[in-house]
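Participant: Following this message is one structure expressed as structure tokens.
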Amino acid sequence: MSKKFTAVRLLCAFGIAFVLTVAIIFGVSEEPVTAIYNLFLGPLQSKRHFFDVFASSVPLIFTGLALGLVFKSGNFSMIADACLYTGAVVTAALAIKTALPAGLHPAVIMLLAAVVGGIIGSIPALLKVYFHTNELVTSLMFNYVFFYLGIYTVTKFLADRAAGTFASLKYQPTASLGSLISGTKFHAGYLIAIAVVILLYLLVYKTKFGYEIRISGSNPEFAKYSGINTSRVIILTQVIAGAVAGLGGSVEQMAMYQRFNWQDSPSYAWDGVIIAILSGNNPKNVPLAAFFLAYIRVGADLMSRRSDVQNELVSIIQAVLILFVTAERFMAGWKQRQEAKKALGGEA
Amino acid sequence: MILQDIINTLSLPEFYFAVFRSATPVLLTTLGAMIASRSGTNNIALEGTMLISAFVGVVVSAFTQSAWIGFFGAVLAGFLISNILAYFILKLNSNSVISGIALNTFASGGTIFALYLLTGEKGASTSLASLKLPSIDIPVIQDIPVIGAILSGHHVLTYAALILVAVIWYMFKYTELGMHIRAVGESPDAAESVGIHVKRVKYTALSLSGILTGMAGAFLSMGYVGLFSAGMTAGRGYIALATQAIAAGNAVIGMLASLLFGFCQSLANYLQSSGIPLQFIQMMPYLIIIIAYTVYCAMVERNKKKKQMRAAAGK
């Protein structure tokens, strides 16, 4: 029953988002059919666009995993934003300043970006454990601190003065995760993302530590009294989540960019919230949830290029989905009627 | 050298004027966050609420050619957004943090989407002839040297924010609504049992937080700048969460925490040509607020422990 209810509710949330999207497009556009066609079917029009969806889903998989893990442990840190951004800056620095053989270069870079991400991820957790601060509040502030630190690093040490805009020097050709299917952006980073999905799934559902994470999240009081070291759970989950986000920033840079030009922090960490929610904080479902958001993103980009509707429409869809998917009592009336029907039917 | 710059800056009356100016939007939002928090709900949507209000204020003032109608529009927008949040949290049992993040996502994309529809641009509302709210000179005070330069000639919403500090302090201390909000926040069950309509009080508290945050949004886009630009709130809604936590429900401490932020922010503005890298100056206000917040939390915890120890020793 409850599984069916969840499915129906999910479907209704998607239905509301869909109807609202179509209504907005008809309201604002002079070519609504073109816009709707490109938004929903654009990515299917060519092999290139379809594989773009996979490529665009890679950073979303990483942040979705990171936030899902933190949510699972009952915490609420947004530090993944800083981890991802700084991981990308570390990647830029190493991709420009170091020289290593082709296979080894990306591996070393990813490792260091993950380590830096993990260290940054630990900060709000450590402050929470030792000074009883709220990790959401401190992580939101630290995101700005690390963003400015990153901008400073790039402008001071890595900038290409000849570029004319904010951009670093070009990365060494060895520091690249190349495309796996020619003519598309489908890159090796996707396989790394899937490998992390599997690792995190095993961690959360097949290890003792994973059990501790789940108990700490679902029943913190019980966790404390059953002898689980909750401080350790808080710190370690956020270190792992930070490392995953840092790795995500690194993969994204090496796969999709030849120089660093993130003048604003990309919204991947915030997108991670909806991925985590749609996946039910289960790593197993993250690639699908990320695929969905990436599909809409690619479609929206095509829509804004080929019609008069702008791709910011996606954040409206995203917000509506988050609101309705997480609304516990949304459709509660429907559930009650179903249960009443069942109960009455059982009596008869 | 840098120390000399700082000392020079600190001796300028204009600097202290700028402290109040920079503190105003954070102060209004802090007060809003405080009312919500005292009623037991964390309003994470402040950032997005402020952004939408800033946008609506500019658009309404441009189309009506009245700054005050624009201001009213901004406040109304704040009221509506916080009621949407309240509906999801209180009626549909949503997680307040996640719903807040959803509304922030909506605000950051939605305002750009709407801005493009109206102006064909995504960056700023430069092509809209929007209006600003006035600044006010205070008679007598404006003629006092130094103090006049610091305290007079501020934006009308800066004065409003300072007056609201007193109003909200009074509200929590002496009015029925204030006491109901505190009761509901501290123990909803106990409040319910003495006949307080818990949900209605929570709706009211969130509405008030939206109204105050709407004023902050109006200050940003209709204060000194006079236009809306994408993402112009720059995390002030999040800073208010920290200053609110430091204030722990006391409007006066909320004002001091906001002034601390204003102090850092305007020091940062003054030091931009001092040779300190720009990015370090920009990160300073956030860093100082983190430090202040962490010190505050550590102190609260230490006091708690001391009390426990004393209680244990008493036995």
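Backbone N, Cα and C define each Cβ position, glycine as well.
Sharing the features that TrEMBL gives for it:
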- A:7-29: transmembrane segment (TRANSMEM)
- A:49-70: transmembrane segment (TRANSMEM)
- A:82-100: transmembrane segment (TRANSMEM)
- A:106-127: transmembrane segment (TRANSMEM)
- A:139-159: transmembrane segment (TRANSMEM)
- A:186-204: transmembrane segment (TRANSMEM)
- A:233-251: transmembrane segment (TRANSMEM)
Participant: Under 8 angstroms for C-beta pairs, at least 3 of them, ignoring pairs fewer than 6 apart in sequence. Is the transmembrane segment (A:49-70) in contact with the transmembrane segment (A:233-251) by that rule?
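Facilitator: Touching, yes - the transmembrane segment (A:49-70) and the transmembrane segment (A:233-251) meet the threshold of 3 or more Cβ pairs under 8 Å.
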Participant: Would the transmembrane segment (A:82-100) count as touching the transmembrane segment (A:7-29), if touching means at least three Cβ pairs under 8 Å and pairs must be 6 or more apart in sequence?
Facilitator: no
Participant: Do the transmembrane segment (A:106-127) and the transmembrane segment (A:7-29) share at least 3 Cβ pairs closer than 8 Å, excluding pairs fewer than 6 residues apart in sequence?
Facilitator: no
